[in-house]
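Beneath this line is the structure, given in structure tokens, with notes to follow.
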Amino acid sequence: MSKIKQVIAREVLDSRGFPTVEADVILTSGVMGRAAVPSGASTGSHEAVELRDGGARYMGKGVLKAVANVNKIAKKITGMEASDIRLIDDTMIALDGTPNKGKFGANAILAVSMAVLRAGAADKKMPLYDYIRKIYAIKEKNYLLPVPMLNIINGGKHADSGLDVQEFMIVPNVSKSFKEGLREATEVYHTLKGILKAKGMVTAVGDEGGFAPHITKHEDVLKTIMDACKKAGHSQIKLALDCAASEFYKNGKYTFEKKQVSSKDMTKVYSSWVKKYPIVSIEDPLHEDDWDGWLHITKELGKKIRLVGDDLFVTNPERLEEGIEKKTANAILIKLNQIGSVSETIDVINMAHKAGYACVISHRSGETEDAFIADLAVATNAGAIKTGAPCRSERNAKYNRLLQIEQELGKKASYAKTKVFKK
């Protein structure tokens, strides 16, 4: 296997126009791997540190410090075998020396981690998903193409729509293939645009490509999406929510539709929606540290739908272990930059699978054209992926990569569909 010859980093722009870190890893064979990391808007307080420069430049969001830190990392990993990804990741983590990557920044470490894997795959002339599976000894016989969870109406921190809930998603979980599922969901998306226009509503899109109409009642959104599914001829499509409830929680209460309510009140709201609408998944329905509330909602809804922990778990093994012990939630959202290295991410996925928790591979609201997570989803047989609406190139880059993978694998792969979501 070739060794690392050179590591180069630079500041590039993400989909929101703010800087992020891109890294190139060049091997002695001459091949190169390149990766750019994403950035979140609504972030869990337990996430690894995304190092920013501060000051006036780019409104304080520059990443020149993180870029400079990649140069420090380069001195330690140059000469290492590209296939020794765990050793490389461990070396970077040890070099940082903090529990949350606060010294070098998760954005610096992750960019290198991803780029090393890309370089290794190129060196072996293997697709990235195959290489990830081999290098981490992932014991899966077949390949699953993930069910896409498409965020078609944005609220919360992703838009100025006035909605508390951050994402309203559609889930084509009974389609014949990924290709067909994406087509059906895309037809619903465009039908929804027509419905909103007919009602005189704005069809501008939010950070993740979903529409951001000024609707104040959440049930009105659910009804409108159901109308779009029916009108598009795809009434079999299911719904999912990302509530990002930590964003509307303060002093033990949730400010929901301009009322102060408790976690039990919120659970009643969600339960009523699950009865009325074909909702198969709710992400972050409660605050990230509201363990009692999470336990209650898991007892109420855990056998009916997916309850996905994002801010609750932040792709962190210690947080996930606590959730497993407390029997809270039944699924975890996987975001590479929450933990800050690919090796640690794989370990969390393995832990979740072993405990019977479902995994959803996810983008961030501040994305790049890098489609690494598409390969990650297929490599790990996660079965589900969240990467926005079928709009904006940084979102479609992931969907297009999955279309390529589905074609490459042919009969070796199947679409996850009802194996993953049941309702």
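Residue positions begin at 1 at the first shown residue.
Every residue, even glycine, has its Cβ placed from backbone N, Cα and C.
The (2R)-2-phosphoglycerate binding site annotation in Swiss-Prot covers GLN166, LYS335, ARG364, SER365, LYS386, and the record cites sequence analysis as its basis. What Swiss-Prot lists as active site, proton donor is GLU208, and the listing cites sequence analysis. Annotated Mg(2+) binding site per Swiss-Prot: ASP242, GLU283, ASP310, in sequence order, evidence recorded as sequence analysis. Per Swiss-Prot, the feature active site, proton acceptor maps to LYS335; the stated evidence is sequence analysis.
Locations of recorded Swiss-Prot features on the structure.
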residue : record                               : DSSP (3 states)
GLN166  : (2R)-2-phosphoglycerate binding site : coil
GLU208  : active site, proton donor            : coil
ASP242  : Mg(2+) binding site                  : strand
GLU283  : Mg(2+) binding site                  : strand
ASP310  : Mg(2+) binding site                  : coil
LYS335  : (2R)-2-phosphoglycerate binding site : coil
ARG364  : (2R)-2-phosphoglycerate binding site : coil
LYS386  : (2R)-2-phosphoglycerate binding site : strand
Whole-number Å value for how far GLN166 ((2R)-2-phosphoglycerate binding site) lies from ASP310 (Mg(2+) binding site) (Cα to Cα): 13
Nearest of the recorded positions (GLU208, ASP242, GLU283) to GLN166 ((2R)-2-phosphoglycerate binding site), judged by Cα-Cα distance: ASP242
Nearest of the binding-site residues (ARG364, SER365, LYS386) to the residue listed as 'active site, proton donor', judged by Cα-Cα distance: SER365
Longest CA-CA distance among GLN166, LYS335, ARG364, SER365, LYS386, per record bound to (2R)-2-phosphoglycerate, angstrom: 17
In the chain carrying GLU283 (Mg(2+) binding site), residues 6 or more apart in sequence that have Cβ under 8 angstroms from it: GLU167, ALA240, LEU241, ASP242, CYS243, ALA244, VAL308, GLY309, ASP310, LEU333, VAL360
Greatest C-beta neighbour count within 10 angstroms, which of the binding-site residues GLN166, SER365: GLN166
Sorted by sequence, non-ASP242, GLU283, ASP310 residues with Cβ within 8 Å of centre, Mg(2+): GLN166, GLU167, LEU241, CYS243, ALA244, ILE282, ASP284, VAL308, GLY309, ASP311, LEU333, SER362, LYS386
